[in-house]
Structures are given as structure tokens and as C-alpha cells.
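Worksheet for the structure shown next.
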Amino acid sequence: MPVLEGLWGPDLRMRDSGLGVGVDVGVCPDEASRSPVWGPLRTPPVTCGGLSLALELPALIRQLRAAWRARRGGPRGSERSEASTWVEAEKEDVEEGKQDIEDRSIHLEADGRLSTGHAGVLLAERRGSYPLIDLHILKTSAQQGEVESGNRRKVKRLLSFQRYCHASRLLRGLVPHTPGSLHLLDDDYLGQAGHMLSKVGTWNFDIFLFDRLTNGNSLVTLMCHLFNVYGLIHHFQLDMVKLHRFLGMVQEDYHSQNPYHNAVHAADVTQAMYCYLKEPKLAEQLSPLDVFLGLMAAAAHDVDHPGVNQPFLIKTRHHLASLYQNTSVLESHHWRSTVGMLRESGLLSHLPADMWQDMEQQLGSLILATDISRQNEFLLTFREHLDNQDLDLQLASHRHFMLQIALKCADVCNPCRVWGLSRQWSERVCEEFYRQGDLERKFDLEISPLCNQQADSVPAIQIGFISYIVQPLFLEWYRFTETSLLSQTMMGHLHKNKARWSRLRYAHTHLDTQTHPHIDEPEPEGGGGEGESIP
């Protein structure tokens, strides 16, 4: 399938964090070979592509200007050394990109090898192994697109590491107040973010606003706060540097160009998970390990998501589909990527081997439960437990099952949010569907269900999603919580939102029938009896 070779992203270089080999977060590959082995409390080198990350913004601008002069006519005077360093580094990037093209087949073969070692010990999947699907690259030649994307990633890594370091200082309370320091967030914004964290357990928490107030660091900031709330750092004796490194890797490995499956979605699911962990019937029985696993699984459950679904990977013969034998392909990749980052960061390395291996397996069980194709399997088991009244939360296995159910609820809870938030998420997920459909149409593939923008409207998709996925699951959760206040609030929003989407679909269909009179007009669903007007 030569036409599909351009689908997969440019840089397939991989790092085997399971063997402790690779490049740490924020460090460029061309520097890794020269970097010493860092101790657990040492900070990494802060240079990238000839630029010093410790520089203030004016100094960075001066280096960029020097590079521009070097291209146009050569540097003058004292600028020559800085500019030549930048140009040489850029040439190395281009050569590196060309070498990546030649080595593509080798990397693909390496990633498809067996992933279990002796005695069944789990080996971490190579982090960043997913070939990113970039629509911009499809419009250019393969080689040119790969070189350009490689350069873009270098710049993105530099900026991401700057932002990561600043966020780490904020969370440790080490905010610099020197006049010349570069502030990514001013004091007003920091105060507003802190005020929002004081209300993180409320169901109307606006994760979009929180992400803006934290300058795109919502997932890292939220996880650190929740770990402090539950005392998990002290309980598991976690190294703060390793924790920040791990969370930074997780946040960075979500693809921001995805409209839906990005780090904001992960933060939203984590916040919902926190609300569910606080439910009285569950909170009374949970151990610190249960809370740790629940929050970690929520934060990493969609890490490195490509923005397309499993059927797309299967019909394009992607190597991940072959690696996982077309079963829970994305969920398996999310889990194995999380294991890779845990080992690369060394977050759990101080724990006994049998303990951290068991934690990795339980994380996998939780993340794999988010596979939507297993919805009926979990729903029927949950319903049977409630009908038989045999759930014993003093048993670790039953608590783990309820963590699976809670994570599934958190993953699909958007229709249970207030309308303003719910509609944003609905439009985002449909936009991601439509992008996949456009990609399939471009390469003459069969368009997947729900991915045809001409045939599948947002209201129709949401009504089906609520009716067949969300509502049956949350009805059983409502029974489990014994009609808690949160459950009542969620079910109220769910019914209102479904009725509102029904009115929107009717209005959309009525408009179509005016354009095409031969189409029969359907009756509106939901009755529109919620007392809300269509915006």
C-alpha cells in the first residue's frame, strides 16, 4: 500500500525506557550521547539545538536574529560564534531527519518484536513509538515533511521543557520574583488557578478555563494537587523530581493537535475520577494504593492517542494493530507507553520489584477497561453484582472492579456535565471523527461509522452515544451510589442534554426538509420539556 506510507509520521525513532535507555524529557537526541548519567536529584542539561533554556527571552531573540543574519550574509563581530553554533545544529537536524527516513523500516521491525521477557516479566513499549498522523505532512513530499516535522519537534521540545521547568517551580513554591525573570503566568492567573483547585471536587469544574490559567499544564498541576490532597507522595515516599518528570512526560505525550484526545481530556477524566473516588460508598473502603492507581490510570488512559480509532489502524495495517493482534490496540498502547514512562522516570524504582510490577499490571487492567468494545461485558457484570447485592468492597478484587467502572464512567461522562462544557466536548470529539473521515476519503478508504460529516451530524452522534453507551452505564452507577447527590446531578444534566440534542437534531432535520421537500420530517425526540431554548 504505497499510498499509505505517507500516513505515518516522520520521526519513528524510539526509546526503550524499559531497559533504562533513551533520552530524558526535555533533552534533545543530539545531546543525549554527551550527557552524563543523571542521579535521581540532579537536573538535566538545559540546552537544545544550540540554545540555552536558561536564557531570558531577550537573549533567545538575539540568538534567533544572529541565526537569521548568518543565513542572509554571515554574522558580524561577536555574533559569529552564536550564529555558527545555531546553523551547525540546524544542519545536523536536517541530516538527522534524512537518516530517519533511511532507518524507517528498521524501526518498524524493532517495534514489532516480542514485548515479554523471561519469566513473563512485562517489558515496556518504546515510548513515542506511535507514528503521528499529521495532515500537513500528507500535503508535502514524504522526505520534506519528515525533515520539517523533525525541526518543529525540536522547537516544541524546547518550549515544552521551559514550560515544564516553570510549572515545577510553581508547584514547589519556588516562584522567582526577580525583576528580570521570565514569567509565563502572572500572579493574578496563579491566584485564579489556585482558587479553582480549592473547588476541584465540584462537578461544574471548568477544565478548559483551568487549562488556560495553568498555561496548558492542567494535567501536571491537577495531578500534583491531588497527590498532595491524598498524601500519596508521603505514603509511597515518591521523589518529587521523578514525579514531575513522569507527569511532564505523560502530558507531553498527549497530542495537542487532537481536538478531543489530548491532555485536557486526560485532566478532565482525572477530575471526574476524583469526584467518583469521593463518593461516600467508595471512599470509605479505598486504600492509598487504590487511589494512586485510579488517578494514575485516569491521567494516562489515552496517552499518545493518534486521533484515529482502532478500525482505522487495522484497515491501514498499522504496526500497532499487528503487534496487539487487532485487540484493544489503542488501550494496550496507552498502557505500555505508561509503563515505559514509569520506568524511564524511575518513579517507582525505590519500591520492591514485586510491588511495582503488580502496580504496572493493575494499571494495565484499568486502562484496558476503557476499551469501548468491552462495554457490554463490564455493564452486565456490574448489573449482576448490583442485582445480587454481592459487592464486597473489603475485597481487593471487588474494589479493583469498581475502579474499572469508575474510570469507564469518567471517560464518557461529558454528556453528564453542564451544557456549556458538555457541548464543547461533543463538538470536539465529532471534529476528531470528521478528520478521520476526511483522511479515509482522501486515500479512498471506506469511511468509518460516525466519521462522515455529510451524513453524521453532531446531534445525531450524541443522541446515539447517550442512548447506547452513557445512559445504561450511569443508571447502574446511580444504583451503586444509592442515589448520591452527585449521581442525581449527573443524571439531571444527562436528561437535559439529551433533550437539547434532540431539539437541535430536529431543527437541523427540519432545515434539510425545507431544502429537500421529499424528505419526511421526523418528530422531535425527548419532547423538549426541559424548559430550555436552543441556543
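Cβ from N, Cα, C; glycine included.
As recorded in TrEMBL, the features of this protein are as follows:
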type	residues	note
REGION	71-99	region 'Disordered'
ACT_SITE	H261	active site, proton donor
BINDING	H265, H301, D302, D411	Zn(2+) 1 binding site
COMPBIAS	512-521	compositional bias 'Basic and acidic residues'
REGION	512-535	region 'Disordered'
COMPBIAS	525-535	compositional bias 'Gly residues'
**Request:** Starting from the Zn(2+) 1 site formed by H265, H301, D302, D411, give every other residue of that chain whose CB sits within 8 Å of the mean position of their CB atoms, in sequence order.
**Result:** H261, A266, V269, A298, H305, T370
**Item:** H261 (active site, proton donor) and D411 (Zn(2+) 1 binding site), distance between Cα atoms, whole Å
**Value:** 11
**Asked** Among the binding-site residues D302, D411, which residue has its Cβ surrounded by the fewest other Cβ atoms within 10 Å?
**Response** D411
**Asked** Across all chains shown, how many C-beta atoms besides its own are within 10 angstroms of the C-beta of the residue listed as 'active site, proton donor'?
**Response** 23
**Message:** Using Cβ atoms only, which residues of the same chain lie under 8 Å from H265 (Zn(2+) 1 binding site) while being at least 6 residues apart in sequence?
**Reply:** Y254, D302, W425
**Request:** Provide, as an integer number of angstrom, the distance between the C-alpha atoms of H261 (active site, proton donor) and H301 (Zn(2+) 1 binding site).
**Result:** 10
**Complete:** H301 (Zn(2+) 1 binding site), Cβ-centred 10 Å count of other Cβ atoms over all protein chains shown, is 28
